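Structure first, then comments.
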Amino acid sequence: MANFDQGTFYSFKLHRSFTADLEFTADFLLPVNPFSRRESHSAASVNTYKVLTILSWLLVVITSFYYSFNVPQDDIKKWRSTIWGVNAVYHTPFATSSVIASIYWIILFISQVGYVWHLFSGNSEYVNAAAGVGSHFILNNLLQFAWVMLFVRGHFIWSEILVIVNFFNLSLLYFRHNTHPRFIHFPVISGPLAWSFFALYWNGAIGVNAHSLPARILANVAIWGILVYGLFFLVTFKDYTMGFALSVLTASLGVHQFLQKAFALQWIFAFAIMGTLFLATLVIAVPGIFGKEFKFGREHHIVEPDQERAPLLEDN
């Protein structure tokens, strides 16, 4: 009996020691994981976010503007083009208007300046909220930069893979932080996510060189995925920013498809989807439509972690 009790005692001590080691390891690794959720951030981590956010943002902005007008001078010559030069060469069912899409990105870049500014705010709640999504935003910028570098050089399969990776990055960000205030939500979360989803179609169609009749028939069906995707966010999260963003991108698609081929179904479907999303968005965004005012996020305070699953636009 004594031996048994002694063995049990040592087993218990070993178990407690192992459990303590696991807890210590988890506590040690938590600060190492940049994507872990935190209620507050140290001054050092905030300063790191400031530097990396600005550098990564400048990287993607400068690269995007440069390759919108300039052709890369390396890689295989016949593959090289500008961003919108690729769009003009590949007349796929998801080719889009360079003017409208460029306006979308200019507005998105400008709105991201406001987000970066909040990292320097004197309000600690705003700083913590901005830093909380900083890792995903920095990764988005780096992936977007790499996508541009591959896309203008004709490596469409690899660029599509990066679009898929970024789509999952931004989707994870959305579902973890969908109740953040407007200065974070559109420039960092919904705006880039809407583009990422649209780019899955645009880049993918270029990658497979979708010109054949079967490919166009498939595109006529696949385009309705944009409507389903947009309505999901409107109904589930009451997120009018996703509705507006997808409406603009679908309108861009419709305009280009009409100018490219007037006698086709793709532009008709695009405008039908755009109109449906736009009207559904107005229902959510315009106060008083259903006798209730829908509000985006929280303007007066940052949402607590246990409230993050609440609907995006409804007050608690």
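Glycine is treated like the rest: Cβ placed from N, Cα and C.
Copied from TrEMBL, the annotated features are:
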type     : residues : note
TRANSMEM : 47-69    : transmembrane segment
TRANSMEM : 89-117   : transmembrane segment
TRANSMEM : 156-175  : transmembrane segment
TRANSMEM : 182-202  : transmembrane segment
TRANSMEM : 217-235  : transmembrane segment
TRANSMEM : 242-259  : transmembrane segment
TRANSMEM : 265-290  : transmembrane segment
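Residues 92-94, 190, 197-198, 201, 205, 210, 242-243, 246-247, 249-250, 253, 265-266, 269-270, 273, 276-277, 280-281, 284 of the same chain, all 6+ positions outside the transmembrane segment (217-235), place their C-beta atoms under 8 angstroms from a C-beta of that stretch.
At the 8 Å Cβ threshold, with sequence separation of at least 6, the transmembrane segment (156-175) comes into contact with the transmembrane segment (182-202) through 3 or more pairs.
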